[in-house]
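This report refers to the structure that appears directly beneath it.
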Amino acid sequence: MDDSKLIEGLLSSVIPELSDHSHKGQSGRIGVIGGCKEFTGAPYYASISSLKIGADLVYVFCASDAAIPIKSYSPELIVLPVLDSKDVIATVSQYMPRLHALIIGPGLGRDEALTQTVFSLITKAREFDLPLLLDADSLHFICKQPDVIKNYKKAILTPNAIEFSRLHNLIFQHDLNDQERDSPGEKLKEMCSKLGNVTIVRKGRQDLISDGNMLISCDQYGSNRRCGGQGDLLVGSMATFAFWSHANKQMKGSLLDTNQLNPCILAAYAACLFTRKCNKLAFEKLGRTMTTTDMIRLIPKAFEGLFPTKFRS
């Protein structure tokens, strides 16, 4: 698509140069809400992917049962076992002024006791004007009350095919028909409009991205191997790209400042392209034995291949 070519031309411009004047935290402080007794890998994959593409700090807000496993996976993550605390909203809110983007969903679980917590955290993120990435189990809760994200243009939802169908059924009050299932692009665009121009990434053979105004696809070939956790790598990298894109948009005279492109669209496309590149490299090396851990190991090669590092003295 012509729009995807435009976006590819803008991608490198939003990635901050490495400078000897930079300080820790300037390239991104990302929050991840997720992690429970059953699911500790997902928040780790999302967090470490944010770090490895260039964010400086990642805070993981998880349930107490998940904290030690996540800490054990990586000493580089700041892990706070607060999700099952009665003071969870107040505690997480104290960190929000430090954050540049927030992910809700990886390994969150679907305990109904979390419903109001998720809604309150989304509301708080909106108050702090944070780019907000909503993935996996957070979409389960959003289907209960979609108005909680309505009209928030810094929100990005990342449903797979099944999650997209649930959102569709909720918003349009009918199931996807065969034509809509085979060619969901226009329905995706309409869905984004009905939600107030949030951005949605409909993951699949082609990743379809829309904010209700623009519709683009990322069809860079990766492989036919689908690893559990690949979506967490996607949303983790997308959060860092989202901060960089929004920050660039605010710089007077920058390419995004002078271009009408939505920073969320740019961030979503960059993350989809990047994740597919990681998948391709891992499959070339390991074939069907590859896992998301292997994809993460190849983040440096994938990133440098797509976005060569720029230095500034």
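Just so it is clear, glycine is given a Cβ too, placed from its N, Cα and C backbone atoms.
Nobody curates TrEMBL annotations by hand; they come from automatic prediction.
Taken from TrEMBL, the feature (6S)-NADPHX binding site covers Gly107, Asn160, Ala161, Ile162, Glu163, Phe164, Ser165, Arg166, Asp232. Positions annotated as ATP binding site by TrEMBL: 203-207, 222-231. The feature domain 'YjeF C-terminal' is assigned by TrEMBL to 7-306.
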Determine the most Cβ-crowded residue among the binding-site residues Gly107, Gly229, Gly231, using a 10 Å radius around each Cβ and all protein chains in the structure. Gly107
For Ala161 ((6S)-NADPHX binding site), which DSSP three-state class applies? helix
Of all the binding-site residues here, Lys203, Arg205, Arg225, which one's CB has the most other CB atoms within 10 A? Lys203
Least surrounded among the binding-site residues, given as Ala161, Cys227, when other CB atoms within 10 Å are counted: Ala161
Between Asp207 (ATP binding site) and Glu163 ((6S)-NADPHX binding site), what is the CA-CA distance rounded to a whole number of Å? 14
Would you list, in sequence order, the binding-site residues among Ser223, Arg225, Gly229 whose CA lies within 10 Å of the CA of Ala161 ((6S)-NADPHX binding site)? none
Have a look at the binding-site residues Gly107, Glu163, Ser165 and say which one has the shortest Cα distance to Cys227 (ATP binding site). Gly107
Binding-site residues compared (Glu163, Asp207, Asp232) - highest count of Cβ atoms within 10 Å: Asp232
Quick check for the class: what is the C-alpha distance, in angstrom and rounded, between Arg225 (ATP binding site) and Ser165 ((6S)-NADPHX binding site)? 23
What does the structure give for the C-alpha distance between Gly231 (ATP binding site) and Ser165 ((6S)-NADPHX binding site)? Integer Å is fine. 17
Using C-alpha atoms only, work out the spacing between Glu163 ((6S)-NADPHX binding site) and Arg205 (ATP binding site) and round it to an integer in Å. 15
